[in-house]
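Reviewing the structure listed below.
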C-alpha cells in the first residue's frame, strides 16, 4: 500500500503529456467506499488511515491552528466514547423504567399516578406495613378496579383474561412496528454485530430508524412476558449509538475499519448497562463479539463502559442504588465439598446449552424454509398467547424473568416474605439477622419446589421457540433463569440433606448443627452462569459479569468451575455457540478465529477459475478501452479485476475494485470532454503520446492497488485461511513465478471450509 501512496503524490507531474488526462488529481466522491452486503478491505482501510495520520502530522508543524486541529482529531475518539456512554446509559435507564411499569400494567394500575409501577406506587404510600409491603390501597388489581373484588373465581378469571390481553397487545405492537418500520430491529443483534465487526457491510442495520424502533419494541417485547431478555438487544442499541456518533467525525465516517473500533467499544458499553458490569462488558466485547481489538480500543471500551455505567447509576432505575435488579450479598463462605454439586450444575448447563442450540437452530431453519416464515405476526401472537396462558397460573412464570432471577439469587434472611423462605424456625434462636442457621423446609418451600420444577420445564421448552422471532429478543436472561431455577432446586436439596444428615462424612467436617452451611441462592447463581455459558460458550467474561452482578468476589472459584465444565460439556457435542450457529444459519461471510483448519489442501485446489471454467477476467495495463471495461463490468458480477501486463504474458501489475472503476469512468465522462467508448485506459505511470486524431485517453493509475496480496499456487490452505483471518482480506491472488493463475475470495475460503466439514458449500452463502 505504501507504493500506492507514493504514486498518488507523483501523478500531478505527468499531466502535461499530450492529450492524456489524469483527472483523478481531485478525489472522486465515493471511491474507496463499499456496496451493501460486501466485505471491507482491512489492509486498504488501515493504509488510508496511516496516510491520513501522516498528513495531519506534517500539517500540524505548519501553524498553531493546524496543530490544534491535530489535537482535536486525536481527541475525537474519546469524545465519541463519551457520547456513546451517555446515550447508551440513558436509553438503558429509560428501557428499565418502562419495562418495570408495563410489566406491572398487566396485573393492575396505580391510582395515585398511573405511570408508577407497583413498587413505586407502594413506596409513596403511608399505609404500607412491612409484612404486606406489596399491598397498598393506591395499587389496585384490574379485578378490584372493575368489579370491586380481589379474591374469588370471577376476579381470578378477569385478571387472567386481562393479563393475556395486555401481553398480546404488547407483542402485536412490537412485531408490527418491526415489520413496518425497521425489519433489522428483530432478534438479538449479536450475530449480525459479530459479522459487521468482522468487516461485512449491512447498511441500515445500525441506522437511526433501527435504533428508535429497537428501543421502543424492546420495551414492548420484554413487557409482553415472552421468554426473552433485553441484554443482547441492548448491545445492538449501543452499537447503533456508536454508528450514529461515528458519523459526526470524518475520521470514522470515511474509514470502515476505524468505525469498527468504535462499534467494538459500543458493544462493551451495551453489556455494561445490560448487567451493570463495566469490566465484564469490555471482556465480552474482546472475547465474544470483536474481530479486531487493538490496545487503543481496549482503553476506549473501558472508558465507554465506565461512562455508560455511571449514567445508568445516576438514573437509578431500580431505586436500590445498584445497576441491576439482582444484586445480592451472601454471608456464608463456600466449602470444598460443594464443588461437586457446582460441577454437576456445570454439566447441566452444558447439556441445556446443546439442547437449546440444536432445538432453536432446527426451529429457525424450519421457519426459513416453510410457510411459517411468511407469517411472522401470526407466529409472535401464537407464541405470546401460549406463553401468557401457561405462565399466569404459576407465580414464578407470571412475574418478569428478571424479578424471578432476583428472588432465586436471594439469601433467606429474617425479613424475607418469599415462599422460598418458608422454613420452620427454632423459637429459641438468638442469632444475628444475617447469620440464620440451616432450618428444616416448611410447606411453602415444598410448594415452591413443585412450582419451580414446572417453571423449569416451561422455560426450557418455550425459550427454544421464542428466540429468533421477528421481535427484539435477548437470550441472556432466559438462559440465566433456567440455570437459576435448576440451581435453587439443587441448593435447597443440598441444604436439607446437610440439615437432616449432618453426621454424614461429607458434611461432618464443615457443617455442624446450628450452623449456616449452605446458601441455596449461591447455587442459583452458579446454575445461571453454567446455563449462560453452555448457550454462548463464554468463559472469562461470563465469570466477571457474574461476580460484578452479585458483588461476590469469594465465589469466583465455583463460578469458574461451573463455566469451564459447561463449556467442556457443550463443546463435546458441538463447537458452535448460539451466535455462531445463527451466523451460519443466515449465511453471513464470517471467518471465526476460533475455528481450526487442519486439512492438507493447497491454494491451487481452491482458486478460481477451475480447469472446466472460462479463464479469469482481467484488464491489461495499456490496451483496454473504456468500452472493454464497461462490457466486462456488465457481463460479470466480480467485485474487482486483476491488472496484467498483457493477456499473453499474464504478469501481474495490481488489482482494481469494480466499484472504483465504475465511479472513475462515470466521473471522467462528466468532467472531461473527449472521453468516449474507444478511449484507451492506462494503468501505467508513463503513458505513450497519443496521435492528435485519436480520442482522449484515460489514466486510472491512482485507483490501482499496486500491492495486492498474493500467494503461490502451492501455499497450504491452512496458511491461506490464517492470512484471511488475521489480515481481514477480501481476496488474494494466486501466482507462479509472477504469472497470474487465479484468485481466492473470502467466499471461496468459506465454501472450501464447509466442503471439508461435509456441509453444503452453498448453505453458507448470505441469503
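Quick reminder: no glycine exception, Cβ is built from N, Cα and C everywhere.
In TrEMBL, annotation is done automatically, which means it is predicted and not curated.
Marked as domain 'CBS' by TrEMBL: 607-671 (among others).
The feature domain 'CBS' is assigned by TrEMBL to 704-762 (among others).
Positions annotated as transmembrane segment by TrEMBL: 75-99 (among others).
Under the heading transmembrane segment, TrEMBL lists 160-182 (among others).
Beyond its flanks by at least six residues, the transmembrane segment (234-250) meets 76, 79-80, 83-84, 87-88, 91-92, 95, 188-190, 192-193, 196, 206-208, 210-211, 214-215, 218, 258-259, 262-263, 265-267, 269-271, 273-274, 289, 308, 472, 474 of its own chain at Cβ-Cβ distances under 8 Å. Under the heading transmembrane segment, TrEMBL lists 234-250 (among others).
Non-local neighbours of the transmembrane segment (262-286) in the same chain are 77, 80-81, 84-85, 88-89, 92-93, 193, 196-197, 206, 230-231, 234-239, 241-243, 245-246, 252, 292-293, 297-298, 300-309, 311-313, 322-324, 327, 474, 476, 538, 540-542, 544-546, 548-549; each lies 6+ residues outside the stretch with a CB under 8 Å from one of its CB atoms. Annotation source TrEMBL lists transmembrane segment at 262-286 (among others).
Among the features that TrEMBL reports, transmembrane segment is placed at 335-357 (among others).
The transmembrane segment feature in TrEMBL is assigned to 377-396 (among others). Tertiary proximity for the transmembrane segment (377-396) is limited to same-chain residues at least six positions away from its ends with a CB under 8 Å from its CB atoms, namely 160, 163-164, 167-168, 171-172, 174-176, 179, 224-227, 367, 404, 419, 448, 451-452, 454-455, 458, 462, 465-466, 469-471, 485.
Residues of the same chain lying 6 or more positions beyond the ends of the transmembrane segment (448-468) and with a Cβ under 8 Å from any Cβ of it are 187-188, 226-228, 352, 355-356, 359-360, 363-364, 367, 383, 386-387, 390-391, 394-397, 404, 419-420, 422, 475, 478-479, 481-482, 485-486, 488-489, 492, 578, 582. Positions annotated as transmembrane segment by TrEMBL: 448-468 (among others).
Marked as transmembrane segment by TrEMBL: 475-494 (among others).
If one looks beyond the transmembrane segment (522-547) by at least 6 residues along the same chain, the residues whose Cβ comes under 8 Å of a Cβ in the stretch are 271, 275, 277, 279-281, 283-284, 286-288, 328, 330, 332, 334, 341-342, 345-346, 348-354, 356-357, 405, 408-409, 475-476, 479-488, 490-491, 494, 553, 555-556, 558-560, 562-567, 569-571, 576-579. Under the heading transmembrane segment, TrEMBL lists 522-547 (among others).
Long-range neighbours of the transmembrane segment (75-99) within the same chain, counting only residues 6 or more positions beyond its ends whose Cβ lies under 8 Å from a Cβ of the stretch, are 215, 218-219, 222-223, 230, 234, 237-238, 241-242, 244-246, 248-249, 251-252, 261-262, 265-266, 269-270, 272-274, 296, 300, 303-312, 314-318, 400. For the transmembrane segment (335-357), the residues of the chain that approach it from at least six positions outside its boundaries are 460, 463-464, 479, 482-483, 486-487, 490-491, 494, 506-507, 509-511, 517-518, 523, 526-527, 529-537, 557-558, 561-574, 576-578, 581, judged by C-beta separation under 8 angstroms.
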